Amino acid sequence: MVSADQIRTAIGIIGNVISLVLFLSPLQTFYRICKNKYVEHFSVVPYIATLLNCMLWVLYGMPFVKPNSTLIVTINGAGTVIELLYIFIYLLYSDGSRRNKALLLLFADIAFIAVVAAIVLSIFKSHERRTLIIGILCIVFCIMMYASPFSIMKRVIRTKSVEYMPLYLSIAYFFNGLCWTTYSLIHLDVNLTIPNAIGLLFAIAQLLLHAIYSKSTKRQSNEAKSEVALSEVNVTH
């Protein structure tokens, strides 16, 4: 008979795979940056924020904070490496104030984690207290991460178009939130449950927007193509 621990581990592994796909989703952006050798209009802030989130969860999953949290450490450790590579590429192809800003934010991330680790490990001696303090920080920053697409959702409602909210990402966010919420509920971990349940709700909202506005998006796209074709005809005359 399959035990609850085995089911939890299997779900956690699936969650690792889906989270890795999400971490790798900006690859096209950074391929474009490397190809053009310039960061253009892209901002480093989302990658700095994701890096901070990953480092906090790595700290949370350490044996001296939250024992038996290997799957949390593995995916967030991978996320930390990936985000550092993105930021390195950004630094390589940015200049002036944008590079300085990126460096300042990167150092702020590292300093913040170092200060949190030093304070928590030196003042709090029990796993429960360490888990509580770092867990609260993880919840706050994770909710901010999950809520970041909210501006895109507002744009979808305003324009009645899901052009800038890819369906595959919304689906990935849904299954990511579902996996980690389920994982956290099998052996209750409130610090994992709260942000991932909220992330799941945001993902459901995105999928609902796709269901509502997918037809109007296609109609707008067809109208735009018709206008382009008409203008080309007028030019040839």
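Heads up, the Cβ atoms here are built off N, Cα and C, so glycines get one too.
In TrEMBL, annotation is done automatically, which means it is predicted and not curated.
Keep in mind the model is a prediction, meaning the values are calculated, not measured.
The feature transmembrane segment is assigned by TrEMBL to 6-24 (among others). Distant neighbours of the transmembrane segment (6-24): 50, 71, 74-75, 78-79, 82-83, 169, 172-173, 175-176, 179-180, 182-183, 186-187; these residues of the same chain sit at least 6 beyond its ends, with a Cβ under 8 Å from one of its Cβ atoms.
The transmembrane segment annotation in TrEMBL covers 44-65 (among others).
Summarising the annotation, TrEMBL assigns transmembrane segment to 71-93 (among others).
The feature transmembrane segment is assigned by TrEMBL to 102-124 (among others). Beyond its flanks by at least six residues, the transmembrane segment (102-124) meets 44-45, 48, 51-52, 55-56, 59, 64-65, 87, 90-91, 94, 130, 133-134, 137 of its own chain at Cβ-Cβ distances under 8 Å.
TrEMBL lists 130-147 (among others) with the feature transmembrane segment.
Annotation comment: TrEMBL describes 167-186 (among others) as transmembrane segment. Same-chain residues lying 6+ beyond the ends of the transmembrane segment (167-186) with a Cβ under 8 Å from its Cβ atoms: 4, 7-8, 11-12, 14-15, 18-19, 21-22, 25, 71, 146, 149, 192-193, 196-197, 199-204, 206-207, 210.
Under 8 Å from some Cβ of the transmembrane segment (192-213) lie the Cβ atoms of residues 72, 138-139, 142-143, 145-147, 149-150, 153, 156-157, 160-162, 165, 167, 170-171, 173-174, 176-178, 180-181, 183-185, all in the same chain and six or more residues away from its ends. The annotation transmembrane segment is assigned in TrEMBL to 192-213 (among others).
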